[in-house]
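Encoded as structure tokens, the structure appears first; notes follow it.
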């Protein structure tokens, strides 16, 4: 078993306005920097031995604050990068609803059947996070690690890690600067904590459901 603490990056410049980010690379907002400082303090009690991050700025900047607090180097990993939203990238939620009404509805209710134009499908993400979970179990069995990622890979990790079908993808809350803990053993996975944000106090802002 490996205990994986999944951290969604703190608020980016695009999160409050509801703009799809995908592989585009906005930085943290001012609130995001304040949120990120609080995450590391909340994680110290778990005494993690390794810190992984998606290479995008919003995750890596979040991981830098955690790294300072936990005194751990940051290991970049492509398998936990955000889904490639393709032609949705850079669009506001309202723009997506207008340009892609059927696909937007499908993304909300049947996400496992969506492939973004010029981007990835949810299956693509599931394939790479399953590899990531297997790698982490192999490298860190018996340890606790921190993984700073994005809403889609985190939800995919929880869904796949708990041996659930892809259509259960939206079943897990995932706010900015939250953490969730999966005790990952393929034969007996346990969701230990989900979407913790208690440490954010007044810096907490609920995530938009469609992002």
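A Cβ is built for glycine as well, from the same backbone N, Cα and C atoms used for every other residue.
The Cβ neighbour count for residue 10 (substrate binding site), using a 10 Å radius over every protein chain in view, is 28. Taken from TrEMBL, the feature substrate binding site applies to 8, 9, 10, 11, 12, 13, 14, 15, 58.
Secondary structure from DSSP puts residue 9 (active site, tele-phosphohistidine intermediate) in coil. Marked as active site, tele-phosphohistidine intermediate by TrEMBL: 9.
According to DSSP, residue 82 (active site, proton donor/acceptor) is assigned to coil rather than to any helix or strand. Counting Cβ atoms from all protein chains shown, residue 82 (active site, proton donor/acceptor) has 25 others lying within 10 Å of its own Cβ. Sequence annotations record features per position, and here TrEMBL assigns active site, proton donor/acceptor to 82.
Residues or ranges marked as site 'Transition state stabilizer' in TrEMBL: 150. According to its DSSP assignment, residue 150 (site 'Transition state stabilizer') is coil.
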- How big is the substrate site in terms of the longest C-alpha to C-alpha distance among 8, 9, 10, 11, 12, 13, 14, 15, 58, in angstrom? 15
- Note on the structure: CB neighbours within 10 A of residue 150 (site 'Transition state stabilizer'), counting all protein chains shown, number 24
- Query: For residue 58 (substrate binding site), what is the secondary structure state per DSSP, taken as helix, strand or coil?
  - Reply: helix
- Cβ-based neighbourhood (8 Å from the centroid) of the substrate site, residues 8, 9, 10, 11, 12, 13, 14, 15, 58 excluded: 21, 26, 28, 29, 32, 176
- Item | When distances run from the Cα of residue 82 (active site, proton donor/acceptor) to each of the recorded positions 9, 14, 150, the nearest one | 150
- Task: Sort out the sequence-distant neighbours of residue 8 (substrate binding site) for me: same chain, 6+ apart, CB within less than 8 Å of its CB, listed by position.
- Result: 148, 149, 150, 151, 154, 174, 175, 176, 177, 178, 179
